[in-house]
Every structure is written in C-alpha cells, then in structure tokens.
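For reference, the structure is listed below as structure tokens.
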Amino acid sequence: MKTSRLPIAIQQAVMRRLREKLAQANLKLGRNYPEPKLSYTQRGTSAGTAWLESYEIRLNPVLLLENSEAFIEEVVPHELAHLLVWKHFGRVAPHGKEWKWMMESVLGVPARRTHQFELQSVRRNTFPYSCKCQEHQLTVRRHNRVVRGEAVYRCVHCGEQLVAK
C-alpha cells in the first residue's frame, strides 16, 4: 500500500469537524466528553475505526486524501459516534439503535454503516471469483479461507456459491 503524507490543511479540517461535532454532542447530551485521540494509521479498505478502550479514532490517510470532503463530512462523525455511544450507553451493537440515534439526532449526520469510496488504490491483491450473475474480487484473507476449506462465500444477489476463476 502506498503511504501518504497528509497536507496540514486536511488534518486541520478533520480536527475542526471532530471538535465541532464533539461540542455539538456535549451540548445536546449535557456532558463534557473529552476529545478522542486521533491518528492516521488505518489501513486497507476501512475508512476508519473507533477504538473504545483507548478512546481513539484511526483514519485511513489514503482514502482521506482521495475523498477529503465526503470523508470529513461522513467518516469523522461516524467514528466519533461509536466513541460517544460507548461513553454514553456502554457496550452495545456497533451500528445499533443507539449509534443511529447518536448519528442522526445528536450529530445531525445521516447514519450510514459503510462508505462508498473508490477502493482501487488501497486494495491489495484480490482473487477473481464468479457466480451466475457477476465476477467478484475476494481479498487474500477470504481466498485463503476458501483454499483451506474454512469458508464458503455466496453472491448476495443470486445466492450462488462463489467459484475461483
């Protein structure tokens, strides 16, 4: 994977969004939750992750650089919501009703579980598989699970088992 140096302007925009949404949440919840640690160490196809125990948000620098505006608007509040839900409710379903409420009612952001960013630049080796209706690209991890007989994957559209090409 290529590594990227993030321009300071993008890092500042991320911090502005994080602080803005945290202040909004603290005001609406009547709390004073601290600012989480922020790092740009997320890799692979995940845009970001929230680490509850260390109260940290890890963002993918490549996807951030390639999709700055949408990333800052969507991913930063998404991960912050996970931390706020954990602080406010304790351990609950990652994208459950509490998270959805936090996103929509408290942070004022549409509650989307996944991003729609182009992943070609962050995708490592993939392996072609097919079904009746289309070709699929499986990650190295999923491909190895198939090879070892540990997993079977099916198409979400036609339901047929995926077969290596």
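The backbone N, Cα and C atoms fix where each Cβ goes, glycine too.
Copied from Swiss-Prot, the annotated features are:
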type	residues	note
DOMAIN	20-163	domain 'SprT-like'
BINDING	HIS78, HIS82	Zn(2+) binding site
ACT_SITE	GLU79	active site
For HIS82 (Zn(2+) binding site), the number of other Cβ atoms found within 10 Å of its own Cβ: 22
Secondary structure tally of the domain 'SprT-like' (20-163) (DSSP, helix then strand then coil): 56 helix, 24 strand, 64 coil
Nonlocal neighbours by CB distance (under 8 Å) for HIS78 (Zn(2+) binding site), same chain, sequence gap 6 or more: ALA47, GLY48, MET103, VAL109, ARG112
Intrachain C-beta neighbours of GLU79 (active site), sequence separation six or more, cut-off 8 angstroms: GLY48, THR49, ALA50, ILE57, LEU59
